[in-house]
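Q: According to Swiss-Prot:
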type	residues	note
REGION	1-178	region 'Large ATPase domain (RuvB-L)'
BINDING	LEU17, ARG18, GLY59, LYS62, THR63, THR64, GLU125, ASP126, TYR127, ARG168, TYR178, ARG215	ATP binding site
BINDING	THR63	Mg(2+) binding site
REGION	179-249	region 'Small ATPAse domain (RuvB-S)'
REGION	252-343	region 'Head domain (RuvB-H)'
BINDING	ARG307, ARG312	DNA binding site
Amino acid sequence: MNFVQQNREGDAILVSLRPDTLEDYIGQEEVKKKLYIAMKAAKLRNEPLDHILFSGPPGLGKTTLAFVIAKEMGKNIHITSGPVLERQGDIAAILSSIEEGDILFIDEIHRINKAVEEVFYSALEDYKVDIMIGKGPTARSIRIGLKPFTLVGATTRSGLLSSPLRNRFGMILELQFYTVKELMEIIKRACKIMNIEIEESAAQLIASRARGTPRIALRLLKRVRDVATIRKENKIISHLVEKTMDILEIDKLGLDEMDRKILRTLIEIYDGGPVGIEALAATLNLEIDTLKEIHEPYLLQQGLIIRTPRGRVATGIAYEHLGYPSKISGGLFDESLRKSDES
């Protein structure tokens, strides 16, 4: 397992660093503005907040925002995930226990069983669920009334949501990668909470290698803290960060060994591409979902690869970063290839 895939490692500490309010939440300014207006209006009307869908790559704060919403609205939050909702009875049991105005947070909502998803339609619109009892000719439908609630869904692949489910969300908010400056603020806030002293330059080094992702920034901070502890250093300084990054094999762009392996495979085995995602994943012995959800978004955002109708292509930036001679000068090569594939 590479560093970026360690989504659950040390999550207890990460949870303790979560902000409780929108004011304390750093970054995602446009999303925060929309949430502030929606929550304030719902409070003034004394009604539940509209259903919300958060989408974006892992680690950008979708779960944290769900907790912030519950805290700001003064309501309880009920947490589950799409893959565990296998039967209609599963969702009926959760929905029937919800109090008025509560928040139901469903992570990986795109992975909900389709039969369960259909139960949601009436629950989200009319606050009622119809459950089938029994099988065959003796089967009958029971309607259960629900207290008004707010569904907050989180997905890394919003395109996999069916239109009927997607259309029942009143707000669909796309989370963006964070800037280095925003990540520095998050790192310094975490250091203050954990009583760690850190140099400005050290915070910048960590932030610049965190792939625009708070979760990764905080994990990197923890690893740097480990190195500082072993070396009996009382303050996190730049050389400690650089030493830690060398140990973790994380380069200046924030790429780990698997990221570089993806790019090397594209360049060495597929001559830079294009190559289909299935073939690339099979060559790497990597799950397609891991490639598409964990690694590809950042590689795309950094301009290291592009997607074309014929598959993924390594860009001139990727060749340069890994020290390969470019087949053709970066920008011209990338643009001409993109146009030829789109024509």
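From the backbone N, Cα and C atoms, a Cβ is placed for every residue, glycine too.
Please go over these features one by one and say how buried each is and what sits next to it.
A: Per-residue pLDDT, averaged along the region 'Large ATPase domain (RuvB-L)' (1-178), amounts to 85 for this model.
Less than 8 angstroms from the CB of TYR127 (ATP binding site) sit GLY145, LEU146, LYS147, PRO148, PHE149, each of them six or more residues away in the same chain.
Counting only residues at least six positions away in the same chain, the Cβ atoms of PHE105, ASP107, ALA154 sit under 8 Å from the Cβ of THR63 (ATP binding site).
Counted with DSSP, the region 'Head domain (RuvB-H)' (252-343) comes out as 55 helix, 9 strand, 28 coil.
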Q: Please work out the number of neighbouring Cβ atoms within 10 Å of the Cβ of TYR178 (ATP binding site), leaving out its own Cβ.
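A: A count of 25.
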Q: When you tally the Cβ atoms that lie within 10 Å of each candidate's Cβ, which of the binding-site residues (ARG307, ARG312) has the highest tally?
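A: Selected residue: ARG312.
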Q: Looking only at Cβ atoms, how many others are within 10 Å of the one on LEU17 (ATP binding site)?
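A: For LEU17 (ATP binding site), the count of other Cβ atoms within 10 Å is 15.
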Q: Please work out the helix, strand and coil residue numbers for the region 'Small ATPAse domain (RuvB-S)' (179-249) from the DSSP assignment.
A: 51 helix, 4 strand, 16 coil
Q: Cα-Cα, whole number of Å: ARG307 (DNA binding site) versus LEU17 (ATP binding site)?
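A: That comes out at 36 Å between the alpha carbons.
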